[in-house]
Amino acid sequence: MADQLIRGTAADNGIRVVGVISTNLTEEARQRHKLSYVATAALGRTMASALLISSSMKKQEARLNLRIKGDGPLGGLLVDAGPDGTVRGYVQNPGVELPPNAKGKLDVGGAVGKGFLYAVKDFGRGYPYSSTVELVSGEIGDDVTHYLATSEQTPSALLVGVFVGAEGVTAAGGILLQILPKAARDESLVAKLESRLGQLSGFTPLLQQGKSLHDIFQDLLGDEDLNIFPETQMVRFDCGCTFERMMGALKMLGQDELLDMIEKDGGAEATCNFCNEVYHADVDHLSRLVEELKADAH
């Protein structure tokens, strides 16, 4: 099934619901960064969360950054996503592997440890909005839900998951339910949604059963005046880094540093943290930058 995101409302527009399938982009991240099983799960859950949250940002150029910094062996991770359906991210220590937790699952919480979640929303105009919350469990879903409830003051239920095995990622994605102010006063509705989500064994088992996002929406909200929007948005891993951007960054180092690279290293190499793409600049490239800087100085 193609990576995609759909949206809808329910309960007379009192509930916003967003769902995403991110299997292929999570597998791409796993391959690019050579991620362990537990690192794949941590990054995949965070990428799904970021896509779900950023989908409600109005401007296409808006971006959401989710950074998780814990004291566990994973170190930390950073994800960048936008309402255009693009996402990228990386893990500080991608090779970390841990034994399964007490439930026999990948121990994402143990890999992340205790720490904080930092969120920055850049709306494409004005100043970015940033907030920080303490991690609840390190399992990502709980932590992002806590962020939404405390920083955005929106009662939310988030279910994200990644299934990764010897053949790679075979299921990944999530669903976000947000209760808007007009429905938040209906305690029975809130309790019903919490109960239904609580009965689910996770998000990836639903995909493995062959359910589509439409099916999952119907199962959860079919009796609550569900309205699924007709647009299906494609989502993908996309970094946006280019050789030209790398050259621009090198140019900022100045003439002396560039001349030193030419003399000592015979060129330069840069690796993008977000996608692990490696860019090479040879002596000719660096020499042109030096000439440009000389021309700019006159």
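Placed from the backbone N, Cα and C atoms, the Cβ positions cover glycine too.
Listed features, source Swiss-Prot:
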DISULFID  Cys239-Cys241  disulfide bond
DISULFID  Cys272-Cys275  disulfide bond
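Overlay of Swiss-Prot feature records on the structure.
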residue : record         : Cβ within 10 Å
Cys239  : disulfide bond : 18
Cys241  : disulfide bond : 18
Cys272  : disulfide bond : 18
Cys275  : disulfide bond : 19
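For Cys272 (disulfide bond) paired with Cys241 (disulfide bond), the C-alpha to C-alpha distance reads 7 Å. When the alpha carbons of Cys239 (disulfide bond) and Cys275 (disulfide bond) are compared, the span between them is 6 angstrom.
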